[in-house]
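Take a look at the structure set out below.
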Amino acid sequence: MLPCRSTGRRHALQHQPPQFKAHTGQRSTRSASIHRDRNNPDAHITSLEGQNPRPFGCSPPRSLQQQPAKPPQRGSLLDRDGIENITELWDRLQLLKQTLDHMPMADGLKPLKNFKSLQELLSLGGERLLGELAKQNIRVRQMMNEVAPLLHEDGSCTSLNYHLQPVIGVIYGPTGCGKSQLLRNLLSAQLVTPAPETVFFIVPQVDMIPPSEIKSWEMQICEGNYVPGPEGTIIPQSGTLCPKFVKLSYDDLTLDHNYDVSDPENIFAQAAARGPIAIIMDECMENLGSHKGVSKFFHAFPSKLHDKFPKCTGYTVFVVLHNMNPRRDLAGNIANLKIQSKLHIMSPRMHPTQLNRFINTYTKGLPLAISLLLKDIFNHHAQRCCYDWIIYNTNPEHEALQWSYLHPKDGLMPMYLNIQAHLYKILEHIHRVLNDRERWSRAYHVRKNKYQ
């Protein structure tokens, strides 16, 4: 008897997805599941828009396309701020151009082309040039704002060295130009910071100092030691109520024990142990040109005193010279002094050839027109009966303070030669733009006449 065969219906396998028959004209592809595998949720993540993948390059139906990024639109250059900047810059450029045109030394300068008026500039300048001028005026404002924290409200400088140490300065001036008064004013007006507690006044012979000058020194250095305080009080600027004034001959200065900081008899070391000191050499040009070297006081002394005596927070040396280029300098004191000096204080009454030589040496980074402008400033003040001075700072706190003007009433005023040089370069740029336009116009007319 044959065994019995089960004739019942086959049961479908559980968890088996239904099979769909592929179209005969379409290649079968594996369709992605709309469900995620819980063991690997990030595998085959697709959009839920449909089972079949869309052809390459076709955007999905009803999908939002991202718009391409557009460059930011530039605002109008002739708005109120733009016109204000251009107008302000135009006034500055016109003032500089008129000054340069009326200089006696302007014969050697090339004439610069410019627009006849502000209205002509605004109408014919063009978008590119006007935009550049507006940006340049913003830059000029930034240059002026950078130096504002270093000035008083009236625009004068708050200090000559701005706590930069040591202070080594040379004063050039002929007889009778007010060099001694200038030295006292620098200390009494608190232009040298910190204020010295001991001032050494060195001359060839102590007997040559008149009593009235000694009294003036004592009064003015005491005046420079105080500033006005609240409610009518005065505040001392140093550790002493009355700075000490010490008269010293040049021979006493060059004694052997004064060269050694560790020597207990060194008078400069004794004073440095109490506070800042200042050394003033007046009428000592002949002594400086001798064989005895004193260059140690210009470069070796400051660092040694600062290291040995912490209270000596200031070291100031001012040397008076009647000639900017003395022939007699046997020990090299004057040459070394001019190298180490950070401040060159010049009287406009010095010989013009010496001043021009100094200006040509120290203004090589400035345009020729600005150098000639500086020479014209010296010539202008040389004709005035005023005890004013022009100062060159080799290491200024700001570039605008490299050249400054010291007036008895106005104080120490910066000359802003860096801004004047920047404005002159703008004038040169306008000149080049107008030259290019004229050249293009000539070339256009030549070609036009050629084909007619």
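Cβ coordinates come from backbone N, Cα and C, glycine included.
According to Swiss-Prot:
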BINDING   GLY173, PRO174, THR175, GLY176, CYS177, GLY178, LYS179, SER180  ATP binding site
REGION    1-78  region 'Disordered'
REGION    442-452  region 'DNA-binding'
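In this structure, the binding-site residues under consideration are GLY173, GLY176, GLY178, and the one with the smallest number of other Cβ atoms within 10 Å of its Cβ is GLY176. Counting other C-beta atoms within 10 Å of each candidate's C-beta, the binding-site residues THR175, SER180 are led by SER180. Of all the binding-site residues listed here (PRO174, CYS177, LYS179), the one with the fewest other CB atoms within 10 A of its own CB is PRO174. According to DSSP, GLY176 (ATP binding site) sits in a coil region rather than a helix or strand. Within the model, the region 'DNA-binding' (442-452) carries an average pLDDT of 85.
Taking the centroid of the Cβ atoms of GLY173, PRO174, THR175, GLY176, CYS177, GLY178, LYS179, SER180 as the ATP site, the other same-chain residues with Cβ within 8 Å of it are SER347, ARG349.
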